[in-house]
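**Student:** This is the structure, below, for whatever I ask next.
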Amino acid sequence: MTDQPVSRTALVLFSGGQDSATCLAWALQRFAHVETLGFDYGQRHAIELDCRDALLAGMTSLRPDWAEKLGEGHTLAIPTLAEISDTALTRNVAIEMGEGGLPNTFVPGRNLVFLTFAAALAYRRGMTDIVGGMCETDYSGYPDCRDDTIKALQTALNLGMDKQFELHTPLMWLDKAATWALAHELGGAGLVDLIREHSHTCYLGERGARHDWGYGCGECPACRLRAKGWCEYVARAV
């Protein structure tokens with residue numbers, strides 16, 4: 001995670017979740033202009049997209065300098081991803097472990113598709129810096145979250161578009177507790193509280209049950225990782 005020249009512009013993959021909200025704050029701290037990109041791909045937890053407005057409003061209120069840097073927000077609909085994916089993230093089926101130790105929430109190629117679309121949009125808008133919340137420390141084992149995958153894709157995108165894109169993954173080597181700590185480092189308790197209250201992680205789209213770490217079913221893999229990270233973050237902060 002190196003600081004970038006303030007004159008550069010970044011495109012942040014922003015779903016409305018904890019990780020992408022933290023990455024947005026990270027980008028706003030480092031770049032002169034930041035735009036966001038979300039994807040509506042038929043996910044069960046599409047409510048995450050609705051959470052983005054509250055997060056953006058909270059961040060710009062929290063830090064006026066961030067408000068000056070924040071630019072256009074984009075949303076791309078790619079329903080085909082759900083149509084070709086028989087997963088618990090795109091179908092109303094129980095979440096369980098599949099073959100090879102991967103949960104059936106894994107959507108094959110999702111991050112590859114997201115980053116390719118992001119690069120195409122960045123190309124059109126004259127950007128070369130793309131920020132994503134991929135992580136292979138506290139994660140569900142998804143192969144498209146791994147550092148070697150992201151580096152390989154960066155090479156492919158640069159060759160395929162004849163550009164010098166840089167794919168930033170500031171959370172790659174952080175566990176969930178460290179991700180909470182990074183949010184505090186970037187925006188203090190105000191940002192941590194904003195992410196707790198308004199970001200969405202739960203794969204089932206549950207926002208009726210409130211926990212110390214935020215809203216969710218508390219049982220899906222995403223909720224368990226978020227809850228575990230929150231407890232460890234609080235313990236480390238004592």
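Any Cβ shown, glycine's included, is placed from N, Cα and C.
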**Student:** Check Swiss-Prot for me: it has Cys217, Cys220, Cys223 binding Zn(2+), so pick out which one of Cys145, Cys202 it puts in that same site.
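**Tutor:** Answer, per Swiss-Prot (Zn(2+) site with Cys217, Cys220, Cys223), from Cys145, Cys202: Cys202.
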**Student:** Can you tell which of Leu24, Cys202, Cys217, Cys220 has the least company, meaning the fewest other C-beta atoms within 10 angstroms of its C-beta, among these binding-site residues?
**Tutor:** Cys217
**Student:** For the binding-site residues Gln18, Ser20, Thr22, work out the Cβ neighbour count at 10 Å and name the residue with the minimum.
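**Tutor:** Fewest other Cβ atoms within 10 Å, among the binding-site residues Gln18, Ser20, Thr22, is found for Ser20.
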**Student:** Around the recorded Zn(2+) site, report the further residues of that chain (criterion: Cβ within 8 Å of the mean position of the Cβ atoms of Cys202, Cys217, Cys220, Cys223; site residues excluded), sequence-ordered.
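**Tutor:** Neighbours within 8 Å of the Cβ centroid, excluding Cys202, Cys217, Cys220, Cys223: Thr201, Tyr203, Leu204, Glu206, Gly216, Gly218, Glu219, Pro221, Ala222, Arg224.
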**Student:** Distance between Ser20 (ATP binding site) and Cys217 (Zn(2+) binding site) at the Cα atoms, whole Å?
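**Tutor:** So the Cα of Cys217 (Zn(2+) binding site) lies 20 Å away from that of Ser20 (ATP binding site).
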**Student:** How big is the gap, in Å, between the Cα of Cys223 (Zn(2+) binding site) and that of Leu24 (ATP binding site), rounded to a whole number?
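**Tutor:** Spelling it out, the Cα of Cys223 (Zn(2+) binding site) and the Cα of Leu24 (ATP binding site) are 21 Å apart.
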**Student:** If you compare CA-to-CA distances from Cys202 (Zn(2+) binding site) to each of the binding-site residues Phe14, Gln18, Leu24, which comes out shortest?
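**Tutor:** With Cα distances computed to Cys202 (Zn(2+) binding site), the winner among Phe14, Gln18, Leu24 is Gln18.
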